[in-house]
C-alpha cells in the first residue's frame, strides 16, 4: 500500500469538500461543482451546479449528475481503484490514459485495450523482456501482461488457459492476437527454436492474404474466425501448435457490397506475379468486366503495394515449408476462380458460360475439359452425394440459375484452397512431442454495423453470423463473470447484495439460434430462432423472406400495446429489413433479409468443387487435394485445421466432432444454416474447458481505421485528432460489454478464492511459529480451524476475507498482498540458504586448497628425490625395462576393452532399433485406437440420434393415439346426442300428428264459411303481432346497441387515461429505479471507501505497533550502550592504575640500572688498575677475564630484561592510547547515533502526533483502546526501569569482580618479579644451558620426524579419499545407468498397460454397441407390435366407418334435418383424413424399421470387423510382450537386481495363474451352488403347491415344513462354507438363499 503524504491527503480533503461532479450530456460529460442550497430553493429532483469551464450556474436533474474522483486518479491503471465508479469517471480515466499513449487499462481481472491505430514502440523486444517472469501487480497494464498472466497460471496450475478477444470491427483484435503469440513464443521458447516469431509472422501473413479484405469499417478486416492453440510440455516450452478456422465468408469471392473489396490475395496475385507465372495463369490480359467484381489494382501506388505484399506472401510460404509445386497449385486455383468470374453465366435460357474463351482458360488451369467443368457447375445433382432427406416432402423447388451455380462453384473452390492452406500451416506447426497443457487464443471478426460507417445499406447474412459469434463470446463472458460467481457465492453461503446491477444475458442470441424441442422440421407454435426458421422456410413449398420475417416477429417482436423498449427485434421502414439490438440494445443493426433463404439451400456445384480438384489431370493439384476432405474437415467446409499431431490437438478435434455428432446436431449437421450454430458451439465448448482471460478491444472513433490509407500515414496526419475520443461510441461499447457491472461485482464481491488446504499449504511459510509447532507437513483434521489460526497470525482485517464452507474468499488485492509477503519471506529464506551453501562451499574449497598444498609439497619432494637418483645406472635400467614389460599387458587390455565396447555398441544399436520399432508400433496403435474411438463415438452418436428420432416418433404416435381416443370419446358423445335428438324429433312428430288429427275433427263439425274467415283473421292478427314484436325487438336491440357503444367509448377513454397514467407511472418508476440504482451505487462506493479507510487504519495500527516495538528496541540498545560506556570507563581507570604501577616499576629498574652502571665503572677501574700491574701472571689474568665475561653477560641479561620491560611498557602505552582513541571514537559515534535517533524519534513523534490528531477527529471510538495501549506502555516503561536497575546492579557486581581480578593480577606480577630476582641471583651455568640446547634440538628433531610422518599419513589418507571418490563416482554411474534402464522398462510397461487399457475400453465399447443393438432390436419388435396394433385399429376404424355409413343411409331415409347429416359427413371426412394420416405414419414407420434393420446389419458387419481387428491387435500385443520379455532378459544380464525382480514377477504371475485357477474352480462351485439353490427352490415350490392343495393344515404340519426347510437351508449353508474358504461372496449367496427360503415359507406361516 502506498503511503500518502500530508500534501496529498490535504489535496484529497479539499477535493472532497468542494463536491466535484460530472454533468452528463449528449456530447459526453463536463466537470462541475455542486452548489449547496437551502431547502426549498431548488425543486425536488433538481440540483444546482457550476460548470468549471465557464462558471455557468445550472439547475439539472439529479440523474444527469455523477460524482467525480480526485485528479490524482485520472490515469489510474486499474479502474477498480476509483472511489466513485460511474460511467463518466471511467470514460474520463480512459480518455486521459489514451491521450498519454496509455492504451491498456485493467478492469479487475479483465483488460480494456483502445486501438492505438498505429504501431507504437510499446510492442518492442525490449518491452517484451520487461514483462518476462513478472506478476500482474508488478507491471503496468499491457497486452503482454495478459499473456504473462496466462502463462504463469498455466505453469502453476497445469490447467489449460484461453484468451478471448472481444470488440467491434476495427478495434485491433487480430493485432493483439499477434502480439500475444509473439510474446508467448519468445518468452516460453521451444526445443531448437522451432516455433519462432518469424514463423508466426509468416502464418499471419498467409491468413491476412487469404482471409482479410477491405470493408467500410476496416481497411484490413478479418472475414473468418480462428482458434490458435499453443501446446506446452512439462518444462513450459512450446511443444506443438495448431490453427483451426471457421465461419469463412466464402460468398465474398463472388459478391461483396459496394465500396468494399474481395480477399486480398487476388489483388496480390494479379499485381505481383512475375512473367512466367502470368503466362501460366493467362494474366497477360485481364477481362474488362467480371461477374465477381475482381479487378486488378488501378493506381500505381496500389500496384506497387500489392506486388510487395505478394513477395512477402511467397517468402512466408517458404518459411512454412510450402513447396513451389504446392504454391503453383494454389495460384492455379485462384487464377481459375478469376477466369470463372470473367467467363460469367447466362441470365436466361440454357445454363452455360457467357464467354467460353475465359471458361476454357479456367478449365485448363483446373486440369479438366470445358465440358467437365460446365457439367460440374451447371448440373443440378452433386457428384458422389446423396440428396437431402427430411420429414416433410418439399414441393417442387425452382432450379438454381446459372449465375448462382457459377458463384457456388467459385465459393467452393476458394473454400477448398483456404482449407488446404490451413492444413499446410498445421503441417509446419505440428510436432510429435509430448504436451501437457495448452493456451488457446480466440479471434473472431468484430461487430459489423454499416450505419457506423455512414452507409445506407443493410447488413448481410454473413455479417449476422459474425455478430452472432461475438454475441456468444459476450454470453460466455457474462456466464464466467456473473453466473458462475453468484452460483459459487450461493453454494458457499455468502450473502452478497447486488441490487444496482442487471446481470442478464443478451436476448439477441435467442433470436438467432433458439432451438426447437422438435427434432423434425415441422410448423409448430413453439418459438424458434432465425437459423431454424430459415431451414424450415427453405424446405417448405412457397417459403419466402416475408414469411420468414413474419414468423420471426410473431415469436420475438413486440406484442400489441407493448413498448418497443422491451424487445430487441423491431421492424424496419424498408421492406424485408429488420432491426436487431446487439450488446444489450446498445448496438442496433439493420439487416437486409433479401436472398437469405439461398444461404440455407445446398447448391450441388459447391460440392462438385472438391471432386473437380481431386480428379484434376494436373498431378500437383490432384495430389494436393486428394484425401484432404475427410481428414481436415468436419462437414462441408465447416471447420478447417482439425488434423493435429499432438495428443491435445486430437482431443480438441474429437471434442469438436462430438459437437457435430451429438443430439440434434447429428440430424441437423447437413443443414447449412444450423452449421453456423454448430461451429460456434464447437468453438465455445473448446474454450469452456479452459480458464478464460478476456480482453475487451474498444474502437476510439468510428473512422479510426476506415479507408485504404496506410496506418503510418494515418498516424502522421491524425495523431491529434485521434487523441480526442468519441465518448458516445466509447460509452456504448462499455455499456454493451457490461464492464461497469463486472467492475462492481469484482469490487463488492470476493473474486479470489482458494480451498482451505491449498491456502494453508501455500501461506504457512508466513507463520513459522505454527510450522515449528506442528511440523512442515503436518496433517490436521479440521482444515478450517487451521486456516483460522493462520489468518489470526497474519493479522488480516476481517472485512478483507470471508470463510465459506470449503473455500476461503478474498477481496480484490488481498491475495496479491499475501503473495507479495510470501515472495519476500521466500526470498529471505533462499538468501539464508544461499549463505549457508556459500559457507559450505568455501570450507570445502579451503579443504581442497590444503590438500593441493600438501600435494604440491609431496610433488616437490618427489622431484627432489628424482633429481637425486636420476643419474644412477640401476634407475636408468629400471625406467628403460618397466615400460617394455607393461606394453604387452596394456595392449591385451586395450584389445579386450575394444571388444567389450563393440559388443556394448551392438547391443545399444539393437536396443535403440527395437525401441524405435516399439515407438512406431505404439504410435501406430495409438493412432489406430484414436481412429477407432472416433468412429465408435460417431456410430454411437448416430445411434443416439436414431434413438432420439425413434423416441420422437413414439411420442408423436402416442400423442396421435391420445388425440384419436379423445376424438373417439367426442364421437361417442355426439352419437348419443344425435340419438337423443332423434328421439325428440320423433316425439315432436307424434305430438304434431295428434294435434292435426284433433283439429281436423273440429273442422268437420263447423261450417266451411265460418271456418275460413276465422282462420284468416287469426292469421292476419298473428302476422301483425309478429311484425310488431319484430319492430319492438329491433328497437330494443338498437337502444341496447347505442348504450353499449356509449359504454364502449367511455371505457376506451378510461382505458386511454389509464394507459397514460400507467406510462407516466412507468416513467416515474424507471426514474425512481435509476435514482435508487445511482444511490445504491454511491452507497456501495461509500461502503468500499469506508472499508478502504478501515484497512488503511488497520495498516496504520500495525505500523504503530511496529514503531512502538522498534522504539522499545532502540531504548534497550541505548541502555546497553550506556552500560558498555560505563564498563569502558572502568576499564580505563584500571588501565591507568596499571600504568602507574608499571611506571613505578620502570623507575625502580632505572635506579637498579644506574647502580649496575656504577658497579661496572668500578669494575672497569679495578680492571684498569689490575692491568697496570705487570707482575700478575696469566692465571690471574684469565680469572679476571672470566669474571669480566660473567659480569658482561649479567649486564647483557639485565639490559635485555630492561629492554623487554621497556617494550612491554611501550606496548601498554600504545594499548592505552588505542583504547582512549577507540573510546573517544565510540563516544562520538554513539553521540551522533543517539542524536540522529533522537531526531528521527522526534520527527516520527511529530508526524505521529499530526496523524493522531487527524485520526482523533475520525476515530473517536478508539479512544479507550488508545488509553489501554498507553497503560500498557506505562507498564512497559516501569518494567524497563526495573530492568535498568537490575542491569546497574549487575554492573556494580562486575566492577567488584574486576577489582578482585586486578588484585589477583598484581599479586601474580609481584610473584613474577620475585622469580626474576631469584633467577638473577642464581644464574645458570654453561653446562645446563648446553643440556637445554641439546634437549631442544632433540625435541625439534622428534617434532620434525612426527611432522614428516603426519604428512605421509595425510598423503596416504588423501590417496585413499581419491580412490574412494573414484569408486563412488563409478558406483553412481552404474546406479544412473541402472535407473535409466529401469525408467525405460517402466515406460515400456506403462505403454503396454495403456495399450491393454485401450483394448479393454474397445471391448467395453464393443459390448456397449452389442447392448445398443439388442436395445434397437427390442425397439424394432416394439415398433412391430405397435404396427400390428395400428393395423388392428385400422380395421376397427374401417368397421366403425361402415357402421357410420349405414347409419348415414338410415338418416337419409328418415326425415332428419340436412344440417345434422352434413355435420356427420364432415366428421366422417375428418376421420378418413386421420385414417389416411395414420396410414402414412405406418408406412413411414415401416421404412424406418427397414432402415434400422439395415443399420443393424451394418453394425453386425462392423462388429465382426472390429473383432478381427481386435484379434490382430491382441496378436500384435503378444508379439510386443515377447519383445519386451527379451528386453527384460537382456536388462537382467546388465544388472543383477533385475534378475531378482523378474524372478519375483514370475512368482507373482504363477500366483496369479494359481489364483485364476482357484477363481475358476470357485466359479464352478458357485454355479453348482446356484444349481442346488435352484433345485432347492423348485423343491420348496413343489412342497408349497402340495400344501396349497391340502384342505386342512394344522400347526404340527407347519412346524414340520419349517423344520425341513430350515434343515435344507442349513445344509446349503454348510456346503457353501466348505466350498467357500475365505471368500465372502458365497456367504452372501447363502444368506440370499436363506432369505429366499424364508420368503417361500412365509405363505405357509400365513396359512
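Placement of Cβ uses the backbone N, Cα and C atoms for every residue, glycine included.
Unlike curated records, TrEMBL annotations are generated automatically.
Looking at the stretches 1092-1127, 1128-1163, 1164-1199, 1200-1235, the one that TrEMBL records under the feature region 'Disordered' is 1092-1127. Your range for region 'Disordered', going by TrEMBL and the list 1454-1476, 1477-1499, 1500-1522, is 1500-1522. Residue counts for the region 'Disordered' (1500-1522) under DSSP (helix as H, G, I; strand as E, B; rest coil) come to 23 helix, 0 strand, 0 coil. Mean per-residue pLDDT, taken over the coiled coil (1181-1286), amounts to 66. Taking H, G and I as helix, E and B as strand and the rest as coil, DSSP gives the compositional bias 'Basic and acidic residues' (1117-1127) the counts 11 helix, 0 strand, 0 coil.
For the domain 'Myosin N-terminal SH3-like' (18-70), the DSSP-based tally of helix, strand and coil residues reads 4 helix, 27 strand, 22 coil.
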